[in-house]
Amino acid sequence: MYVLGIYGCCLLIYCIFRYNNGQIYIIDVSQSVEHDHPHALEFLRKDCANVNDYFVKYGVAVMTVRELFEFVTDPSINPDNMDAYLEKAMEIAAHRTEEERSNQDKVDEEVFKKAYIPRTLNEVKNYERDIDLMQKLKEEDMSLNTQQDNILYQTVTGLKKDLSGAQTVPDLLQECDPKQNDGSGSDVDSGDDSGSDYEEIHPKDQAPVSEIDKKERKKQVKEAQREKRKNKIPKHVKKRKEKAPKTKKAK
């Protein structure tokens, strides 16, 4: 919440916290930067990592660095849905096992900390290519529950994961409630479809989702993540391919 307050309300990134007797204090913002700083998102990820590292030492179930980063930067999170979002995020963190925090997941998290993330769409070099990729995944019925490792800007720019438009409801809450989905990129059956068209409905108006449905969806997400990791290209191979053209140009 404090990181979100600094980022969303003060429009600043990076500060020094102190935790004492159950309270968090912001004691120094002299080194803070604004959102348009070229290393702003890098500093924000460092803040998220530092917060996690501190509380993990005391046995607190925390979000991953990526989950915390996306909570802070997601423009679709607002006072009306923040409590529901945090409740779901804490539930996921509390049920995450050591097996799910595998060595590969930890490597992926380290890569995420250092990956380049465009702050605005003007900084995206191959937007059309990214749209084609996401469309191809949809056509092949592949999971869009996790972002592609080389497409990391959806949340910070306020886009849906499939890049089809603006994200108006946090993706985590859409996964909780299938009715929030607009039908694109999702093959989850809500179980109570009457066959008629429906419009997007506010989370407060939705019927509660059963624990069984939640567990089944979490299981599907985990299976999709495992399949994704099987076909993943090692990061050092990707970097080598990216550096090759630059080396030729330099010559």
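Cβ coordinates come from backbone N, Cα and C, glycine included.
Per TrEMBL, the features are as follows:
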DOMAIN    16-67  domain 'RIO-type'
REGION    174-251  region 'Disordered'
COMPBIAS  189-198  compositional bias 'Acidic residues'
COMPBIAS  199-226  compositional bias 'Basic and acidic residues'
COMPBIAS  227-251  compositional bias 'Basic residues'
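Broken down by DSSP into helix, strand and coil, the domain 'RIO-type' (16-67) contains 20 helix, 13 strand, 19 coil. Regional average pLDDT for the domain 'RIO-type' (16-67) in the model is 88.
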